[in-house]
Amino acid sequence: MRFRQLLPLFGALFALYIIWGSTYFVIRIGVESWPPLMMAGVRFLAAGILLLAFLLLRGHKLPPLRPLLNAALIGLLLLAVGNGMVTVAEHQNVPSGIAAVVVATVPLFTLCFSRLFGIKTRKLEWVGIAIGLAGIIMLNSGGNLSGNPWGAILILIGSISWAFGSVYGSRITLPVGMMAGAIEMLAAGVVLMIASMIAGEKLTALPSLSGFLAVGYLALFGSIIAINAYMYLIRNVSPALATSYAYVNPVVAVLLGTGLGGETLSKIEWLALGVIVFAVVLVTLGKYLFPAKPVVAPVIQDASSE
């Protein structure tokens, strides 16, 4: 029974670790033939429309106004700002691996916001995050950190927005189930398309086949599947656990680079992979391996009863 209860958790984490880890590489392919804000907007609009149509055909109804607006706000924070900044940065020639490294700061910001919101955090989570960040540094110590610094700043801003949205999203009422993801993607898509028009983005030529395939992959797998998995996590587990994917994503990005891009890894970088996986185990399984001890409140007798 215990294993069956954990299946949704493991499935959601797998979607985030593997699918989102590959999106950095796919975004880089897409922005070669799409303007960045436009590509992100098309991605989320397509995903949101498809998911909403599916839900409405299945008999689901639109949520009340308050949860709907809450979901739109979370979509703005997580997708329009969080993911949009990554897309713009990669268009500015920030390497996908560097993008993944900067996004790895999300769990650190998440724990900080968690403390501000009064959410209890475990010492083991802090230890896991510290080890994970150390692994990220090791992973890139032998690489070429020649990415655009302004692009890195954009990703950092997106990471802060994503972390705040993750914590805030766990404290407010959101639509039930996949309806939350549909509204968030629609809202983000609209905002990104407006931003694209304001920025004066235009298609100078028809995107290539790889560009269309990249948007399709990002819409279906990177948005509909992975984002709904993420929303499941932030509603059901601690924010630190929900953002632990940030440790695995750089690993997946590096493996894609070695497998498809002809890159090589040094010994210290391979060692870093093991350190990062260990950190993920601490963050994701620590609450089950080392559950918090229940606090027994002392019994205080009422003086009037004596």
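Keep in mind that glycine also has a Cβ here, set from the backbone N, Cα and C atoms.
According to Swiss-Prot:
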TOPO_DOM  1-6  topological domain 'Cytoplasmic'
TRANSMEM  7-27  transmembrane segment
DOMAIN    18-141  domain 'EamA 1'
TOPO_DOM  28-36  topological domain 'Periplasmic'
TRANSMEM  37-57  transmembrane segment
TOPO_DOM  58-67  topological domain 'Cytoplasmic'
TRANSMEM  68-88  transmembrane segment
TOPO_DOM  89-93  topological domain 'Periplasmic'
TRANSMEM  94-114  transmembrane segment
TOPO_DOM  115-125  topological domain 'Cytoplasmic'
TRANSMEM  126-146  transmembrane segment
TRANSMEM  149-169  transmembrane segment
DOMAIN    160-285  domain 'EamA 2'
TOPO_DOM  170-173  topological domain 'Cytoplasmic'
TRANSMEM  174-194  transmembrane segment
TOPO_DOM  195-206  topological domain 'Periplasmic'
TRANSMEM  207-227  transmembrane segment
TOPO_DOM  228-239  topological domain 'Cytoplasmic'
TRANSMEM  240-260  transmembrane segment
TOPO_DOM  261-269  topological domain 'Periplasmic'
TRANSMEM  270-290  transmembrane segment
TOPO_DOM  291-306  topological domain 'Cytoplasmic'
- line: For the transmembrane segment (240-260), the candidate among 149-169, 174-194, 207-227 having the most Cβ pairs under 8 Å is 149-169
Task: Determine which residues of the chain contact the transmembrane segment (149-169) at the Cβ level, with the cut-off under 8 Å and only residues 6 or more beyond its ends counted.
output: 70, 73-74, 76-78, 81-86, 88-90, 92-94, 98-99, 102-103, 105-110, 112-114, 117, 119, 231, 234-235, 239, 242-243
- request: Would you mind splitting the topological domain 'Cytoplasmic' (58-67) into helix, strand and coil residue counts from DSSP?
  value: 3 helix, 0 strand, 7 coil
Task: State the residues, same chain only, that lie 6 or more residues beyond the ends of the topological domain 'Cytoplasmic' (228-239) and have a CB under 8 A from a CB inside it; answer 'none' if no residue qualifies.
output: 8-9, 11-13, 15-16, 51, 110-111, 113-114, 119, 121-122, 125, 163, 166-167, 169-170, 174, 178, 180-181, 184, 245, 287
